[in-house]
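**Q** Have a look at the structure that comes next, please.
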């Protein structure tokens, strides 16, 4: 640290106090009974201010810069504006000793010998408080909450903003050590407020706000009259009876003298936010100094040690940005660092530190040795076991114990010294002299080796990593590079203030100067970029730069030198530069250039760095081909160009190497069909067709189907064109294709027909099928589109398609509930079994769904179907059996329909006699198995109810008894139980009116017949009415031998002859019988296939008015 006098002036009287305007432009001095206002830039006296009648002892500026205050021995305080106008004046009872503005609220504290006052712009009056002793000094805390008062009695009183005392500090010296100056530290980094106290007991002390002392008192050896902090609180200024201003650390360690004066120093202050200091003395001298703090530091590779706060050393790892602070508590004069060693020179000793471990990232240092001696030197260097002191022209080598081992005397002043490494105890030193001589000295040798001598003085030196080249910066700011062995000047560059070789690359160095960083590789031109400061190291891609007082590691991409090597096709050297640190783009460029230069090893390393697997695979394939004996570099380079997207260059190389097919494949794979056509010229038509097909494939893939269809058609790929058109529903395109195709091209025409059909254009599909003569597909088309008329017409012309038409037609009719038509269709198709199966399923469904009337109808239809099938002699017996079975089921379900409605519905449409007859018919018919859906309970229940109602009490009792043995629904149980009880009160006989008569043998049959629905006497089956189920007046007859069915029919159709001679009784009998509506039956032998009530010949015969002829359930449709 050194102080440079900027300006000086002399007032006529003693300068007791001074204050800076917060912006630093004005300086206010209290000199005699006046205030002097100076311009701080050049020391010009701007204006004297007169307002006090006696000596002015104190002055203070408000933090906002709007006003300042002065206090005088005339007991008054004057408030002045920044425009130097007095605006307010108030008085105390004694002379004013000190004034101070609150830094936050701008409240003014004014202190006199007996009291102190607090004034603020918002108040009209001054709040005054008595003091037990003379107040000599005062200071506000940073936050403006507390005011410290220093007393002549040695007491410190800490008050709040209202003037109330909060803390009282009584110093050991008491009144023998009056306080003369106190000041709170302005540092924002401290967690606690720290008060610096200087007394005339010649002590400097520090206290916390709580009153607790920090550390011990520090002896001053003079009476302090003034104390002030730097703006950030890092240093303290003290002046007094020793006639000088001393600089102290914030902890009270003396660092040096600012300026010596001729009389006592009464006041000294620091210009805000600067290193300028003003001093006011007893004799009226005003001195303005600039403090210059020199940089004390040392650097070795990535470790940088520098001085901080004058007494601390900070070691910074430039790569990891780790820092460690070493507190020396004394002024640090010199620093040297080398590998794991650190040397610090203090005023009275040198400390040597070492790292705890050999870890390159370890930042923990410990003291290894102490050399307790005072040394004077210009430069300090540390080695593994020695320290080197530079004293003008002399170098001294000392061991860590302080013993001088060696000494070298130089011809000229030593300007630069640097350790360049070596074994422990045998390190080499590079020394530059003012006379231009450059030496190499080994610490274990007495002899200095002259490397070279130049005409200009040395300013900076550095040696390359291999010790083959030497870079020198001379006093003319020129960087000169020499070959150490030949002493030849390799090149020189202007505008340099420092230089450094890259520790990882032999041919690369950097130098700084003129605000630029210059990077030079080999003999290539210099690459420049802006950079402030001095270059002190260059490691890989990091350049260590010292700017002002800070060291920083600047990451510099090595792109420029790498490209310089690439321009000369020096791929290996470019790769070495890239390894120091370049961007990914630079790596890729290096890889591409090396690949184009067929330097595959370098290219592989570069592509590995950028993780480009695609190019790595290319290189591997080329290397494999080379191993197999391929040597055509044009072919290799063509592959490289194709990968890089340089397709035309690749095509030319493919052609030159005789591999035109590879060029063609490349263009087609890239969909560059026009280029491929140009490449082919007027070549093979097959290849042209193949190109068009590939182009169409590509158009299809990129969703341009129209273009793809056109190209497929031009290439003759009709199938793909039809497929695309059909998928997109382009009927017009399909029509054009189908009509242009020859009928021999069956496959594409069938595809067209398929898509016409799919797109609901059956007319075009039919046209296409006709074109190729595919009648079967045409039939299927008509059937699938349900165009039955066209299908039938086609079937008439081509009977072989009869099954293909009528079977689907019948199925369609059945699906649409048109069963009679479906049966006819099945019949026409000759599919009798299908017809029967459909009806059986419908019948079953009707039964399951309790639609018994429908079931009866379907069973009747089934019987008729079976009768038709029975025409086939092979199936006659089976079908006739089924015919009788289905007829029987039709009768049962037809009758049960009424029973089911009677039991399930609240109202019945049938007369009691009808229900009675139906239930008797069913009961006699259900002697064996009961068909599905028919309930015996419902039948017996109906019979019991109707028998009781009609007077057939015996039959009713029998029905109730039967019901008792069956499981009945809950809804019937009460009625059945009641009926069973009440029937017992009735006669045990049936009404004779209900007894059926056999019209063959005139026998009365019981209501309950064990034989079923036949006469108990003649076994003649009863024929029932399908509506009332009464026994009809019908008798079955059999034809005699020799009479055919046709003759029988003709005989029945003849009118009975009437002879006049016949007796009258016969006519009357005939008329009476006919009038009664009865039928005369002639008995004959029963023929096979006859049925009761049937219409077939060989069965019973009835007259036209017979009820049997009107029976819809048995002999006709409903």
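Placed from the backbone N, Cα and C atoms, the Cβ positions cover glycine too.
Here's the feature list from TrEMBL:
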- 1107-1118: compositional bias 'Basic and acidic residues' (COMPBIAS)
- 2-187: domain 'IFT122 first beta-propeller' (DOMAIN)
- 189-292: domain 'IFT122 first beta-propeller' (DOMAIN)
- 297-551: domain 'IFT122 second beta-propeller' (DOMAIN)
- 558-938: domain 'Intraflagellar transport protein 122 homolog TPR' (DOMAIN)
- 991-1035: domain 'IFT122 zinc ribbon' (DOMAIN)
- 1084-1118: region 'Disordered' (REGION)
- 49-80: repeat 'WD' (REPEAT)
**Q** Count up the helix, strand and coil residues in the domain 'IFT122 first beta-propeller' (189-292) according to DSSP, in that order.
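**A** Breakdown, helix to coil: 0 helix, 60 strand, 44 coil.
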**Q** State the mean pLDDT for the domain 'IFT122 zinc ribbon' (991-1035).
**A** 86
**Q** Taking helix as H, G and I and strand as E and B in DSSP, count the residues of the domain 'IFT122 zinc ribbon' (991-1035) in helix, strand and coil.
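**A** Looking at the domain 'IFT122 zinc ribbon' (991-1035) with DSSP, the answer is 3 helix, 6 strand, 36 coil.
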**Q** For a three-state summary based on DSSP, what are the helix, strand and coil counts in the repeat 'WD' (49-80)?
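**A** Looking at the repeat 'WD' (49-80) with DSSP, the answer is 0 helix, 19 strand, 13 coil.
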